[in-house]
Each structure stands twice: as structure tokens, then as C-alpha cells.
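Colleague: One structure, pasted below without further comment.
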Protein chains: 2
Amino acid sequence: MKQAIAILDSGVGGLTVVREVMRQLPREEIIYFGDTARAPYGPRDPQEVRQFTREIVAYLMQYDPKMIVIACNTATAVALDDIRAMVDVPVVGVIHPGARAAIKITRSNRIGVIGTVGTIRSDAYRIALESISPMVEVYSLACPDFVPLVEQGLYRSEEALHVVERSLEPLRGLPLDCLILGCTHYPFLADSISQVMGNDVRLISSAEETAREISTILYQTGRLERTVELPVHRFFCSGQPVTFQTIARQWLGNQIEVCPVVWQVPQIS
Amino acid sequence: MKQAIAILDSGVGGLTVVREVMRQLPREEIIYFGDTARAPYGPRDPQEVRQFTREIVAYLMQYDPKMIVIACNTATAVALDDIRAMVDVPVVGVIHPGARAAIKITRSNRIGVIGTVGTIRSDAYRIALESISPMVEVYSLACPDFVPLVEQGLYRSEEALHVVERSLEPLRGLPLDCLILGCTHYPFLADSISQVMGNDVRLISSAEETAREISTILYQTGRLERTVELPVHRFFCSGQPVTFQTIARQWLGNQIEVCPVVWQVPQIS
């Protein structure tokens, strides 16, 4: 039996990471947990997000995964170090991969970041970017209206484009050459964001970049899947599975089944 | 004192990796060794390349580096596993980063690779790509005339463009959407290669991608440089330093000094 990559998010946002892992690492098996009953995490107190993340990781560890991926920027910003100390498999967050990709891509050293209120308030991207390179200038903007659109499955609507236009207004005209989508929900809105920001601003999907780094780390630690059997992915969510399953199928393909979760918050030692 | 990243190559090719590390990780200190006296490695016997690589790594380990980077595709193809077994710091080659970047970027799953005769004959890129994804189709081409052009400092000449045009003829018209520059010398020729291949083929620089992965691995293993003093890089080469220093200054900036190497092949235990 394959050892899976465990991926967690506040809701459906982490499915953008799942799709990229399925594409870039088609042999790997995935266990996903979306905490839809308690989404969104963005506006929540950091202490609470930290607690929720620990609970979900404790739940996922029962499946003996080979890696934990915190596919939620808000949770990465406040809980990454905590989870690293908690488990003995590699833990990957979604902030540093996006930051490293931005530093690779930028030529002007002027980098934009959009995210939830929690992520932007934590200043985690700026801290990550500046910890690597003192040369960068970072422009951050919270876009609190994006996640609810996606969680409701409205990301392809006319309304979505209007919300994106209005939200990104403060960034237009700034001398950015790349923009980090600092929330795993945002790739659902990539077409609208790209339309608003124009061709000169390269969008960096933390989903794509995180999948790339998952590949790097699995390889470097000798954990890449070698077997050729098709992987069997498992999806759990803490809330009603109907909307989750609809979005998961739209995004990942019709083969997705969401397990009805018997979610009991596990005891954390 | 900072612990350096040790980077080695058959000659000047690894300087493309150096430039990217200096750009993407400006706090990190570098020790570089170019084996100019014995370049090029491409046409040599694999056993010999393996032996040379072991000798250089043994030499560099005297400086207590925190990481070894084999910035030569030919040496990576034949000696990576050997060097991994030899030292107890992370060892990074230049083949897998390019392969992972190609898998991230491609939408058609049709990937081109150009490299030295040694690299292409080893089939290392195809093996790396297929070990990650069974869906890719790989088109490989050896371009033996590129490295001598670069080692002689002729990469900006009119002649270079002709050589590139003639060499890449077999790839034109193939349905590639990306092309891996599978030799660290080739970014010196990137403008000509891009001109010949056209805008629809994205070039993947193993130099850029390797620097990105060095960043990932240093972060993931807690080895990122935190001090703010400017790093002092050291450059060694085994042959006459004149041409090496000229190219290094053109490529990296005028501040580069090349140490006259007292190169004694170290004993390998």
C-alpha cells in the first residue's frame, strides 16, 4: 500500500494544491481534509487557527502519511512551526514556495501579495521574502471577499469578476512584475485576476509552486512513490459534503468521491 | 563565519548557477571550483567523470560547506549517487530541478532536452522525468558544439548564433512546449537558443531552477543563512585562471577574484 501525502485546508482551497500534485506527481496518493464546517479561517483568531490545524493533523496522522502539507496560507502563517514540532515527517506550508518562486521570477524585485486578512496581517510573506533576500519590496493587500465566493462555488460568475476588479484596485498602477496568489483559494479566480492585473504581472500560484516543492522534498528525502499502480485518493470534509463534492468534481474531475466524515476532534497529547 | 555552499563544475558552466544563487540567495556564501584543466567533461568516460567529481568534492569538503552542488549535468548524471554516499551534507544536482520545473510548466507533456553527449547518452533527464510522471514524452538532443564556444568566451559572437541554429535544426517543428537547457553552460547561449526555438517554447534554465531548489532545501533543513554581513565568495579553477576570470567577471560582475589554485588532487578514502 502506498504511503499518502496528507493535505489539509480550511475548505476547498487546498484542492488547488491537490490538482497540482495530481498533475505534477501522478503516482502519489493523497489524503485530503477540508475543514468546511469551520471555514473560512482568514478572519479567525490565530490561536484558534493553530488549534484547528493541530486537531486536523492529529486526525490525518492516523493514516500514517509520509508528509503533511498545510495547504492553507492562514494556517501556514500561524501554525507551521507548531506542526513541524508535532510530527516526525516533513511538513510543507504554502507560503515559502510562493515566496521562493517570486524571488526566482522577479526582475524588478517588486513583488505583490494578495491573501486573506489573517495572512496579510501576519505579514508572513514579507517576512519569508525578506528572510531570503533583503532587496525585495513587498506590496500586500487583503482580499477578504475572494474566499466566500470560492467556497460557495461562484468563482466562474460575472459577480466574481466585479469583486476581483474592485478588490484589486489598490494594486493597479504599482510597479509590480509578479503577484503571489497568497491563498490557495485564489487560483480558482486566476483568470479574473489575470484579466484585471494585465499581462505584465506574472501570477504565482502557491498551489503550483507548493506541488513543485513537494516533489523536491520527496525526492531529496527518498520518499518519491515508485510503484506504478494508480493511486486512490481519499477526501474528507468536516461539514456537509454536497457543495464540497460539487466543487471537487468540477476542479478535479468526476472521479472524486468525498467520504462522509465521522469527524471527532481527536485528543491532542 | 558563514558556512558556504560549495558549487563545482567542469569549467565555467557552473557560474550560471552561481549567478542565480547570488541573485536568489544574496546572503549565502559560495565556494566554487571549476575544473578548467580537464574540461569539457561531456565527451569523457563516465568512470573518469565520477573520479574527477569525487576528487573535487574531497577538495571542497576541506572548507566545511553546508551543501554540495554538482553544477554540471554530465557529472550529475554519473556521480550524484556516489557523492551522496560520500558526504553527510545535502547534495544537489542540476538534472532533477530542471526536470521538475519542466513537469510544472508543460501543458502538452512534450518536453525537449538539450545537453552534452555524456548527459544525453546517460538518458538521465528521461529517467528523471519518467520517474516522476509516466505521461511525459521526451525529445533529447546532444549539442556538442555549445560548451567549447562558451569555454572560449565566444558565446556572444555571430558564430555562436550559427552554431546554435545548425545544432537545433532536429528539434524545430516538434510539438514541444518547453526545452530544458540540460547543461549549465547553455544559459550563456539562451538568447540565441530562444531566437531559434521561438516564443512558444519556454526555456528552462537548470541554473535558475537549481538555485530555487537550493533555497528550498536550505530552508527545509534549517540551513538558510541568517547573518546580514555581505558574503565573501571564493573561486578556484584547476587550469590557467585568465580566461576563467574574464568570463567570471563578464557574467558575475567585476568584483570577482579568482584564487590561483594550488590544486593537488586529494587522496580519497
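Numbers here mean position along the shown chain, with the first residue as 1.
Glycine too: its Cβ is placed from the backbone N, Cα and C atoms.
Automatic prediction, not curation, is the source of TrEMBL annotations.
Got these off TrEMBL a minute ago, pasting:
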- A:C72: active site, proton donor/acceptor (ACT_SITE)
- A:C183: active site, proton donor/acceptor (ACT_SITE)
- A:D9, A:S10, A:Y41, A:G42, A:N73, A:T74, A:T184, A:H185: substrate binding site (BINDING)
Colleague: For A:C72 (active site, proton donor/acceptor), write down the residues of its own chain that are at least 6 apart in sequence and whose Cβ falls under 8 Å from its Cβ; none is a fine answer.
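Modeller: Looking at Cβ-Cβ distances below 8 Å from A:C72 (active site, proton donor/acceptor), excluding near sequence neighbours, one finds A:L8, A:D9, A:S10, A:G13, A:G14, A:Y41, A:T53, A:V94, A:T184.
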Colleague: According to DSSP, collapsed to three classes, what secondary structure does A:D9 (substrate binding site) have?
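Modeller: For A:D9 (substrate binding site) - judged by DSSP and reduced to three states - the answer is strand.
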Colleague: In Å, rounded, how far does the Cα of A:N73 (substrate binding site) sit from the Cα of A:C183 (active site, proton donor/acceptor)?
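Modeller: Cα-Cα, rounded: 5 Å.
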Colleague: I want the residues beyond A:D9, A:S10, A:Y41, A:G42, A:N73, A:T74, A:T184, A:H185 whose C-beta is within 8 angstroms of the mean position of the substrate site's C-beta atoms, in chain order.
Modeller: A:G11, A:G13, A:G14, A:A39, A:P40, A:C72, A:A75, A:T116, A:G118, A:T119, A:V147, A:C183
Colleague: Measuring CB to CB from A:T74 (substrate binding site), give everything in the same chain under 8 Å that is also at least six residues away in sequence.
Modeller: A:S10, A:Y41, A:G42, A:R44, A:V49, A:G115, A:T116, A:G118, A:T119, A:S122, A:C183
Colleague: Determine, from DSSP, whether A:T74 (substrate binding site) sits in helix, strand or coil.
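Modeller: The three-state answer is helix.
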Colleague: Neighbour count, 10 Å Cβ-Cβ cut-off, for A:T184 (substrate binding site): what number do you get?
Modeller: 35
Colleague: Around A:H185 (substrate binding site), which residues of its chain at least 6 apart sit with Cβ under 8 Å of its Cβ?
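Modeller: In sequence order, A:G11, A:V12, A:G13, A:T16, A:F146, A:V147, A:V150, A:E151 meet the Cβ cut-off.
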Colleague: Let me know how many other Cβ atoms fall within 10 Å of the Cβ of A:G42 (substrate binding site).
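Modeller: The Cβ of A:G42 (substrate binding site) has 25 Cβ neighbours within 10 Å.
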